[in-house]
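Below is one structure, written out as structure tokens; comments come after it.
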Amino acid sequence: MGTLEGHLLPGMFFLIFSLYYSVLMSLALLRGQRFLKPPLPPREKRGHRSWPSVPVEGVVKAVISLIGIMAEFFYPPGENRLMMVDWEDPQRPFLFKDNWQHATMYGFFLVSGVVDILSQWCWARQNIKLERAAEALAFYVLALLMASHVENKGTLEIRVHLLLIVPVILLGLVLTIEVWAPDQPPFWVFKAWMLQVLGNWLLQLCVVMYVPPSGQPWKGDNPTDLAFLTIFFCWHLGFGAATVAAVYGLCSLWHHHWSSWREAPGAKYQPCPMGSSSEDLEKFRAGAELQDGTV
């Protein structure tokens, strides 16, 4: 799979997941929740219906990763890049290096998705620490692959991938901390921000590498182009923070509107105290008049 497609699929995944995570984070903060998502009870207390507890996030991670792996080896149709070494060549060269690096990245996120599924759906008790550890490992592997991915690349591609490593390592560190200190609201916000930056930057690579702002090809030996890449990445840091703030603002409007609707004076139902004395009925009537403005 080419460079454009190799960045497009993970970029779309991280961007969509960052928006989803930003909504979860915003609603959790607005509701004053202690947990981003309440931990699952033990399996024996979940009842007989297992379908509602299917870990959607884990399934999505696993499916997207499988699609990415298959695309790396067999896209476009008719291709087959599974051979790692050309045994007929005396030098035994390593074939399809970039594709195997991308497939390895997808493979560790596939492992993370499988761990989520096993922990939340199959095991007797959910193991949140193991879920975070598997996710952190996937991001560390991604950082290592990005560092080696720039070998024998031009100066421009090296700069682009080094900037990409920044949010990847930060996400791995936060997930590592969450293994021992889970459900810290500041980490929720930081993760949503870095996921936004990661998804946006991966998608922008498709534009940066092929459609430079000047309309002319990028030049790796041009200090101006290299400087603009760093500036462009810093803009993405600000844009990611603004996107998270915008999602929080929209969720805040929805939350307050929904809360006000649920707590509207006319929305409450009060049972009539049947069989009570006339004094109790008068108290109930007076309360209804204060609440609705009518009898």
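Each residue, glycine too, has its Cβ placed from N, Cα and C.
Note on TrEMBL: of 103-121, 141-159, the range annotated with the feature transmembrane segment is 103-121. Highlighted: of the candidate stretches 12-30, 51-75, 162-181, 226-251, 51-75 has the greatest count of Cβ pairs under 8 Å to the transmembrane segment (103-121). Contacts between the transmembrane segment (12-30) and the transmembrane segment (226-251): present, as 3 or more C-beta pairs lie under 8 angstroms, all at sequence separation of six or more.
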